[in-house]
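Annotation source Swiss-Prot lists active site, proton acceptor at D66. If you look up Swiss-Prot, you'll see H62, H64, H144, D215 marked as Zn(2+) 1 binding site. Feature annotation from Swiss-Prot assigns Zn(2+) 2 binding site to D66, H67, D215, H273; the stated evidence is sequence analysis.
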Amino acid sequence: MQITFLGTSSGVPTRSRNVSALALRLPQRSELWLFDCGEGTQHQFLRSDLRTSQLKKIFITHMHGDHIYGLPGLMASLGLAGNSLGLDLYGPSALKGFLDGILKSSSSRISYPMKIHGLELESAENKIIFEDNDFLVTCTPLIHRVPAFAYRVDEKAKPGRFDVEKAKALRIPPGPIYSQLQKGQIVKLKDGRIFNGNDFCGPQRKGASFVYCTDTMFAQTALKLANGADLLIHEATFSHEDSDLAYQRQHSTSTMAAQIASEANVGQLVLTHLSPRYAPGNRISPNDLLSEAKSIFPNTLLAKDFLQIEIQKHATVRDT
């Protein structure tokens, strides 16, 4: 799994940072999943190596403009481009009314299948919102001025390495039987011998995981969702010095994000959603926020637009 940041600013865009959006690339299935879609996101796609034709799912954290104003334009453009994949959208229950109103009033034609999955705060804690053979997506409510949700994506464990030499030594004929054994299935050969696939496979290979957490102040729900994740992407709107503002506006400081990362025992933390007040050259700069976070959680990076991160697995196993 690979992350591409398409927008890392809070509230309004700057010359170097667009507002919130990030893409998750799933090369094994030629799909893209988008998390938030601030104004100008489709322009950011054009400046990246990502293809909107692969876009399959969009996850919206909350209904503030810097996270959703790019959505109607992107959806309309997908229709004009003849997107045939269809689109699933996940987000607060108000998302449907927002899109219905804009698309209807602008006479925008959505020519592809679209389904909106509305989320409610009361029933969303650690809620599974999508699952298939490869991935599990979970959400949880956050603490913000409007209903907001964090998302976690877990890649399911893969079968362990198949011992081909052992199978050959036992004169098991190659072909579809090897595939069955690799999946852990019990196979009966024509000569009557029975083999358990688990006897030919090493330990399961843990899948990668990441959590996207914005907008929120420090939240126990976020801590629980992030437990053991390989990568935590967490908002850091304010510096520790401006923690009073963070509490007033229900945002996080860099140190709050680092505290979540440390207590959740994640592999890596990336700070995003930075206030424009911390532009380079100002008294407090983005690098100062990074230093604050690293004093608590050393394996921290500062997001910037078009930064790409290959999610690296670490040994921690999430509690269930």
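Glycine is treated like the rest: Cβ placed from N, Cα and C.
Features recorded in Swiss-Prot, as mapped to the structure shown.
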residue: H62; record: Zn(2+) 1 binding site; contacts (Cβ under 8 Å, 6+ apart): G91, P92, L142, H144, V146, P147, A148, F149, D215
residue: H64; record: Zn(2+) 1 binding site; contacts (Cβ under 8 Å, 6+ apart): V146, D215
residue: D66; record: active site, proton acceptor; contacts (Cβ under 8 Å, 6+ apart): S9, S10, G11, V12, V19, S20, G38, E39
residue: H67; record: Zn(2+) 2 binding site; contacts (Cβ under 8 Å, 6+ apart): V19, S20, D36, C37, G38, I60, T61, T214, D215
residue: H273; record: Zn(2+) 2 binding site; contacts (Cβ under 8 Å, 6+ apart): T8, S9, S10, S20, T214, D215, E235, A236, T237, H251
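Take the mean position of the Cβ atoms of H62, H64, H144, D215, the recorded Zn(2+) 1 site; other residues of that chain with a Cβ within 8 Å of it are T61, M63, H67, L142, R145, V146, A148, T214, T216, Q250. DSSP assigns H62 (Zn(2+) 1 binding site) to a strand. The binding-site residues in question are H144, D215, and the one with the fewest Cβ neighbours inside 10 Å is H144.
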